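Here is what Swiss-Prot says about this protein:
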- Ala9, Tyr10, Ser11, Gly12, Gly13, Leu14, Asp15, Thr16, Ser17, Gly115: ATP binding site (BINDING)
- Tyr85, Asn121, Arg125, Ser173, Glu258, Tyr270: L-citrulline binding site (BINDING)
- Thr117, Asn121, Asp122: L-aspartate binding site (BINDING)
Amino acid sequence: MSKEKVILAYSGGLDTSVAITWLKKDYDVVAVCMDVGEGKDLDFIHDKALKVGAVESYVIDVKDEFATDYVLVAHQSHAYYEQKYPLVSALSRPLISKKLVEIAHQIGATTIAHGCTGKGNDQVRFEVSIAALDLNLKVIAPVREWKWSREEEIYYAKENGVPVPADLDNPYSVDQNLWGRANECGILENPWNQAPEEAFGITTSPEQAPDMPEYIEIEFSEGVPVSLNGEVLKLADLIQKLNEIAGKHGVGRIDHVENRLVGIKSREIYECPGAVTLLTAHKEIEDLTLVREVAHFKPIIENELSNLIYNALWFSSATQALIAYIKETQKVVNGTAKVKLYKGSAQVVARKSPSSLYDENLATYTSADTFDQDAAVGFIKLWGLPTKVHSEVQKSAK
């Protein structure tokens, strides 16, 4: 009698490899690894899943879909959770969940498994997303169920022939994709400890970065980054290239004590060189092209959208409504930003746009000025009228 199939979100690490061995007692395990730009050896991961006991192993390249359908939303909405975290891991979980559900439907599986612990945000993101896409799918979380210590997990792995990674003594827990790299655990758990250089993986220390600045130009079309230094690139490729260029200059290091969805505080080290550079450049083009009312209201939407995405609600109607608003604002966001990369900083030093609302003839203080200064007198009287009336009423009441 054949076993029921379970779709496992597989990373190739110890947790999900041990999960295969544990799950295969009752299920035929189908391991699925998504390539969201983390730079892993995908052939090795594919083969390892089969070696450990999966009946099928899938490695799916979703970098382009991740960039255009998920990262772009965060980019255009300047998504920083608590004004610091560019939602690196939070962005990939809805896409991974979507693909797991699609594969479950394709092969007729009714169960999905993930390797999250019981104290992180990702368990919530996976399970809420999966439920939003198919309420009938069952979700199991072996790592959360075991509650094993690391030592117990290693012992189980060795007893069951699961290869134990050579770098298992690495104290850090790392997650990486196109939009950045997240690092936690080990010495980082004490917020008084400065993050050692070994905790960083894709950025150069600003102190060791080049002593000469580098200037780059990023072009945007309707809010989408379309070219880097004149070279037209797919969004995923552009981000990866920016990660290398800006990372070399130490851009995008973030040290954050954040409020997790599950109720605890966590100290995280993020490296987001491409993200920080793009977000900085994009904001400057918006400053040229958005009318004042949109420019002032959009940050309110951005903050709420960042919270919704962080808090596992990508597929909620609220999130989708706010995304629609963001997309509407981007129709005029066209132009090029020149960015100076130097010693950990990404600074926009020049910008231009065919949709620019900046009129130099109105702004200038030279003889070329076309601003009607005489109109200011009447404007001031009308603008200040409510304040004047209020002041007079207060005086008469005394």
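Glycine too: its Cβ is placed from the backbone N, Cα and C atoms.
Per-site Cβ counts within 10 Å over the binding-site residues Ser17, Ser173 peak at Ser17. Sequence-distant contacts of Asn121 (L-citrulline binding site), defined as residues of its own chain at least six apart whose C-beta falls under 8 angstroms from its C-beta, comprise Ser89, Ala90, Arg260, Leu261, Val262, Tyr310, Ala312.
Cα spacing between Glu258 (L-citrulline binding site) and Gly13 (ATP binding site): 25 Å, rounded to the nearest whole number. Of the chain residues outside the L-aspartate site list Thr117, Asn121, Asp122, Cys116, Lys119, Gly120, Gln123, Val124, Arg125, Val262 have their Cβ within 8 Å of the site's Cβ mean position. Figure note: comparing Cβ neighbours within 10 Å for the binding-site residues Asp15, Glu258, the maximum is reached by Asp15.
Geometry remark: Asp122 (L-aspartate binding site) versus Tyr85 (L-citrulline binding site), CA distance 15 Å. By the criterion of other Cβ atoms within 10 Å of the residue's own Cβ, the least surrounded of the binding-site residues Tyr85, Tyr270 is Tyr85. Apart from the site residues Ala9, Tyr10, Ser11, Gly12, Gly13, Leu14, Asp15, Thr16, Ser17, Gly115, the chain places the Cβ of Val18, Ala19 no farther than 8 Å from the centroid of the site's Cβ atoms, the recorded ATP location. Taking a C-beta cut-off of under 8 Å and a sequence gap of six or more, Ala9 (ATP binding site) has these contacts in its own chain: Thr16, Val32, Met34, Ile96, Leu100, Ile112, Ala113, His114, Gly115, Phe126.
Under DSSP, Ala9 (ATP binding site) is assigned to a strand (E or B) in the three-state scheme. Sequence-distant neighbours of Arg125 (L-citrulline binding site) (same chain, six or more apart, CB under 8 Å from its CB) are Ala90, Arg93, Pro94, Ser97, Ala312, Trp314, listed in sequence order.
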